[in-house]
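Q: Please read through the structure below; I'll follow up with questions.
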């Protein structure tokens, strides 16, 4: 296994000193945002993690290796490269064997983080159960990963284009705690509201670190969703986003868009109808998650 994992100099030095490390995914760079905002955001997020006392480790697949921590040049390459594969659990073996470029999803980043001994991972939002999943079976592999891999995911909830109710049902079945950081309502990515409750509200990084520590000491496999609402100033109105999604769903149906094609269509509509506000919101929430994630990593590190 070790032959596949390559730590960056910064991560190697951090681990040797016993510093807290925070994992970051790379699909947000390759697939989540346009260039050059993607690379700029990735660099800023890494810096926020450093400023809050932890070491950033952006994870990606390059040349048959799992890179834990990317150089500036590698970040730039991911931001610009064409045809980067989106890597989830099923793709890791193939992409390493064929030495293709792979950007890691939430699921794959969790796997790689656990292999590298990293427990805390910051991202934008998690995947979930898609609308209409009762017929399409379209459920993100992120949820299954949360059920079996010991990594906490700090995120701004799940995107409202998903079926949030079913996503929570699935996580409940799998025994994955959904924790609200300073909130009793699950945030829905661009918006602070979803109309659904979290399982527990915790208000400090220390409390979250203690919960994670107790969970894993009991040998309870699986991660946790730490839902951190987008900052008020950048949040989009819950009603506004819901309205856009309802309209887009009708349009999708009228145009015969089905199954796997619905999500990209909805995302495109949200982007178009928010007039780019969704990109600003996306950047703001990831940065906010980086602050919280770094603080949780510091607190968790102090317990161990």
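A Cβ is built for glycine as well, from the same backbone N, Cα and C atoms used for every other residue.
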Q: So Swiss-Prot lists 86, 140, 141, 142 for substrate; which of 106, 122, 129, 153 goes with them?
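A: Checking 106, 122, 129, 153 against Swiss-Prot: the substrate site match is 106.
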Q: Give me the Cα-Cα distance between residue 140 (substrate binding site) and residue 159 (active site, nucleophile), rounded to a whole Å.
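A: Cα-Cα distance, residue 140 (substrate binding site) to residue 159 (active site, nucleophile): 12 Å.
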Q: Rounded to whole angstrom, what's the largest C-alpha distance between any two of 86, 106, 140, 141, 142, listed as binding substrate?
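A: Taking every pair among 86, 106, 140, 141, 142, the longest Cα gap is 13 Å.
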Q: To which of the binding-site residues 106, 141 does the lowest count of other Cβ atoms within 10 Å belong?
A: 141
Q: In the same chain, which residues outside the set 86, 106, 140, 141, 142 have their CB within 8 A of the centroid of the CB atoms that define the substrate site?
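A: What remains near the Cβ centre is 88, 105, 107, 108, 126, 127, 145.
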Q: Which of the listed recorded positions (25, 138, 142) has the least company, meaning the fewest other Cβ atoms within 10 Å of its Cβ?
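A: 138, out of the recorded positions 25, 138, 142, has the fewest neighbouring Cβ atoms within 10 Å.
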